[in-house]
Amino acid sequence: MSAVMIAVVLLGLLALVFGAILGFAAVKFRVEGDPLVDQVESLLPQTQCGQCGYPGCRPYAEAIAGGDQINKCPPGGTATMEKIAELMGVEPQPLSATTEQQVKKVAYIREDECIGCTKCIQACPVDAIVGAGKLMHTVITQDCTGCDLCVEPCPVDCIDMLPVTQDIKTWNWKLSAIPVMQLEEDKQC
């Protein structure tokens, strides 16, 4: 019994010593990041789609902080670009020519052809595809950003990118543009 207690105490002390060493190393060797890059990255949609020409949102945020154009993010659209322009103190630019005329699309899986390989699930950066191994998969259209990264890995080519149709749920209501009349209260004489 005493040998077990000695082993438990020694392991506890060993864990405490190594924890202190790791804590010291984390403080001593901390890598300072650029706060501007962190702010720009927080504004980007985090789809990691690569449509901007960079391998993810963090490298694009670093490029923007280094002076690159702010209009290369199709999933973020004009709203994201305007927020980045405000943060960087530059004029908003129209989205780049390659993305300006594009219609928003979402992935659609033809479920009767899906073999359940899970390659599209692994490729989706926003977890908009649900399913399990050897079972059909489907796309949560509200979460899909249209990044197109799930199409290429599909071995049976059962994923299509379909344009988003406007309906009552997807319509962009501009409530501030609706005129509201202010009626004066009846004045008593």
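Yeah, the Cβs are placed from backbone N, Cα and C, and that goes for glycine too.
The annotation [4Fe-4S] cluster 1 binding site is assigned in Swiss-Prot to Cys49, Cys52, Cys57, Cys73 on the grounds of sequence analysis. DSSP gives Cys49 ([4Fe-4S] cluster 1 binding site) a coil state; it is part of no helix or strand. The Cβ of Cys49 ([4Fe-4S] cluster 1 binding site) has 21 neighbouring Cβ atoms from other residues within 10 Å, across all protein chains displayed.
The Cβ of Cys120 ([4Fe-4S] cluster 2 binding site) has 24 neighbouring Cβ atoms from other residues within 10 Å, across all protein chains displayed. Summarising the annotation, Swiss-Prot assigns [4Fe-4S] cluster 2 binding site to Cys114, Cys117, Cys120, Cys154.
Cys147 ([4Fe-4S] cluster 3 binding site) falls within neither a helix nor a strand when secondary structure is assigned with DSSP, and so counts as coil. The C-beta environment of Cys147 ([4Fe-4S] cluster 3 binding site), restricted to residues of the same chain at least 6 apart in sequence and closer than 8 Å, consists of Thr47, Gln48, Cys49, Gly50, Gln51, Pro75, Pro125, Val126. What Swiss-Prot lists as [4Fe-4S] cluster 3 binding site is Cys124, Cys144, Cys147, Cys150, and the listing cites sequence analysis.
According to DSSP, the domain '4Fe-4S' (32-90) comprises 30 helix, 0 strand, 29 coil. Summarising the annotation, Swiss-Prot assigns domain '4Fe-4S' to 32-90 and lists sequence analysis as the type of evidence.
The domain '4Fe-4S ferredoxin-type 1' annotation in Swiss-Prot covers 105-134. For the domain '4Fe-4S ferredoxin-type 1' (105-134), the residues of the chain that approach it from at least six positions outside its boundaries are 46-49, 140-141, 143-156, 158-164, judged by C-beta separation under 8 angstroms.
Within the chain, the domain '4Fe-4S ferredoxin-type 2' (136-164) has long-range Cβ neighbours (under 8 A, six or more residues past its boundaries) at 45, 47-51, 74-75, 103-130, 170. What Swiss-Prot records for 136-164 is domain '4Fe-4S ferredoxin-type 2', and it gives sequence analysis as the kind of evidence.
The feature region 'Hydrophobic' is assigned by Swiss-Prot to 1-26, with sequence analysis given as support.
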Cα-proximity to Cys150 ([4Fe-4S] cluster 3 binding site), 10 Å cut-off, over binding-site residues Cys52, Cys57, Cys120: Cys120
Using Cα positions only, nearest of the binding-site residues to Cys117 ([4Fe-4S] cluster 2 binding site) (Cys52, Cys57, Cys73, Cys124, Cys144): Cys124
Distance from Cys144 ([4Fe-4S] cluster 3 binding site) back to Cys73 ([4Fe-4S] cluster 1 binding site), taken between C-alpha atoms, in Å: 15
Rounded distance in angstrom between the Cα atoms of Cys52 ([4Fe-4S] cluster 1 binding site) and Cys120 ([4Fe-4S] cluster 2 binding site): 21
